[in-house]
């Protein structure tokens, strides 16, 4: 199951958008895992207005062993697709294969990324207006599902090392399958990255122990029957069947929810209420629902058309599905809202609100002080030119006593002796750190290892 937190991180990343071909709603959440290793692409049109075709590109990348390869895919794979000759020739199945292979090539050419040991699954679709075609490329155990007349149709298949076709390639490349894992380690048999399993120079990309070459499935679109596409990582599919997910999307549409809200609620359904169960629901979670729009149809009209279909489903409510997924957990005393307590943000108490307001007041006073000069690039360059500046320490401007009093009064305790003379302030650690920083003594400054410059960008979302 991997390392997990004592409480899940429930902040959600959400994106939505629409054009004349597709509409989408994405939600992603770190959950119980120590870090977020998922990424995504959301491109309603990867061509320019001058091009004859209109092609949408969506993808989910589920990282393992780190987030770097997944992040690279989220940031770079659209550009890599646009570089492929096959893409500009309109050969979309070949374009996806070439894109996956060349992503591996570019990772190995990158001086930083070639030393990275992480990898990621990739499930993606191209939707072409002129070809009336949907193409899915998949490597790994993320999954893409098409809803057709309310029924789930698989557009991808999970690549597990126990599958006969996958195991034969692994063994032929001098690998082995042990405990249902590649070389006793990796729980999936296709991925981008994972170069420790692709080190045989005598073998092509499709022959390596772990290959990045995707399975391709083509589907000719029938807009009277084809409704939407769901792309999600295994954090979703470990909890729901493909049909479950299709039914939940239709349920959300009948309830008047947007695609964004539906994706968010599906994550709520799938997040484990505790880590004491089977381990499902404790993974990172990413899901995007892509609406397939008819010519001249907007997302509101599409939603109305979906509601009018009135498909029969076995799903009564989001809460009921959650109770069924986590049947080991006692929800008997929970109403339908309390069932989702683990992903519901708690309202702040008065102490927390007062503390944050006081800290914000001190910070604002410090930033507004005319004596406090921001460290701009020009300042840094000047310091680099002047060796004597390296030994100088920065100091903040005068302390705003009113703000200081607010900080102490809101966050600390004030005590006096029996004569009412001696005053003692008791500060929480966070308030003390803020006070010291305001006075020009940042407690973190003596620990340079805590000063990290981390890029938290986890995906790409762009509307043209």
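In case you wondered, yes, glycine gets a Cβ from its N, Cα and C as well.
Annotation source Swiss-Prot lists domain 'PPM-type phosphatase' at 23-292.
Residues or ranges marked as Mn(2+) 1 binding site in Swiss-Prot (evidence: similarity to another entry): 62, 63. Residue 63 (Mn(2+) 1 binding site) carries a strand DSSP state (E or B).
The Mn(2+) 2 binding site annotation in Swiss-Prot covers 62, 234, 283.
If you look up Swiss-Prot, you'll see 361-398 (among others) marked as region 'Disordered'.
Residues annotated as compositional bias 'Acidic residues' in Swiss-Prot: 366-384.
What Swiss-Prot lists as phosphothreonine is 376 (among others).
Annotation source Swiss-Prot lists phosphothreonine at 380 (among others).
Marked as region 'Disordered' by Swiss-Prot: 434-464 (among others).
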Residues satisfying Cβ distance under 8 Å from residue 63 (Mn(2+) 1 binding site), sequence separation of at least 6: 37, 38, 39, 69, 70, 71, 118, 119, 120
Rounded distance in angstrom between the Cα atoms of residue 62 (Mn(2+) 1 binding site) and residue 283 (Mn(2+) 2 binding site): 10
Spatial neighbours of residue 234 (Mn(2+) 2 binding site) that are distant in sequence (at least 6 apart) but have CB under 8 A: 62, 121, 141, 142, 143, 158, 283
All-chain count of other Cβ atoms within 10 Å of residue 62 (Mn(2+) 1 binding site): 27
Packing count at residue 283 (Mn(2+) 2 binding site) (other Cβ atoms within 10 Å of its Cβ): 27
